[in-house]
Amino acid sequence: NGFGRIGSLVLRATLDRKDVKVVAINDPFIEGEYMAYMFKYDSVHGRYEGDVQGDKHGITINGEQIKTLAMMDPTQIPWGEVGADYVVESTGVFTTVDKCQAHLKGGAKKVVISAPSADAPMFVMGVNADKYDPKQHTVVSNASCTTNCLAPLAKVVNDTFGIKEALMTTVHATTATQKTVDGPSKKDWRGGRGASANIIPSSTGAAKAVGKVIPELNGKLTGMAFRVPTQDVSVVDLTCILEKPAKYEDIMAALKAASEGPMKGILGYTEDDVVSSDFVSDPASSTVDAKAGIMLSPTFVKLVSWYDNEWG
């Protein structure tokens, strides 16, 4: 539900998998022909090379038709009729359990909110996904892109060395909520300034959200963001006071081991001289940059991890 940046890229990601089939897309503001155009041409992730067609009935990708719907009221979306068991709620509007009940009334069995939620259970892959109970959880949140980057990193460090306190800064690429030129933004004055002309300090709930998925870190971690004028890919700076003294090499060894073991495919690790554009379309939730981090003392360390905030 919703075919903006997230909805469009969720569709791209499903085409790489054989165990997921998209049967319908609901967006009241986008007709099938335009939807096909949006899907095929992407300024960040490049042109989709398969065959894409669109008309008033839906879009067809490589011969597979996907029905398009245009319901404003989510209770009117016939998910059951089109055979949709799972709904990705990616409008950014319906982010509570109560609001997502509308999808269940329409015949869906499960709803995944593609954003943080005030009351839906929040799950981050590699961190607390083992707590998911299919019998109990029908509406869940997949948290935010930044939480998905930060939480795996924080989990490994906390499990191995203990985190006494930590501050996070995300240097975050521009997103659709920002303005191309200066404009009114009553709730966030700085957020109303032109995205391409400024580095904009901003708030983020990502660090506090980590306390929801890693309860032992609740109250020990907070953070903020700098919005910067790049199209995509962001980076987390996690500065920690550790419970146990450690060498920087020991911390990197623990993170590398996790990236090759229990968090493989979720947490990445690199010792290359990388920059942000190297992570466009990277599916990892978080990639530790071993060369970018620094340590001041055995209990005071800054860790750096990259993420494609649209695709990871």
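Any Cβ shown, glycine's included, is placed from N, Cα and C.
The D-glyceraldehyde 3-phosphate site in Swiss-Prot is built from S144, C145, T146, T175, T204, G205 plus one of R47, R190, R227, namely R227. Excluding S144, C145, T146, T175, T204, G205, R227 themselves, the residues of that chain whose CB lies within 8 A of the CB mean position for the D-glyceraldehyde 3-phosphate site are, in sequence, T170, H172, A206, A225, S234, N309.
Checking each of the binding-site residues (R5, D27, N309) against T146 (D-glyceraldehyde 3-phosphate binding site), the C-alpha distance stays within 10 Å for N309.
Here the recorded positions are R5, H172, R227; the one with the fewest Cβ atoms within 10 Å of its Cβ is R5.
When the recorded positions S144, C145, H172, T175, T204, R227 are screened for a Cα within 10 A of the Cα of R5 (NAD(+) binding site), the ones that qualify are T175. Listed binding-site residues: S144, T146, T204, N309; maximum Cβ neighbour count within 10 Å falls on T146.
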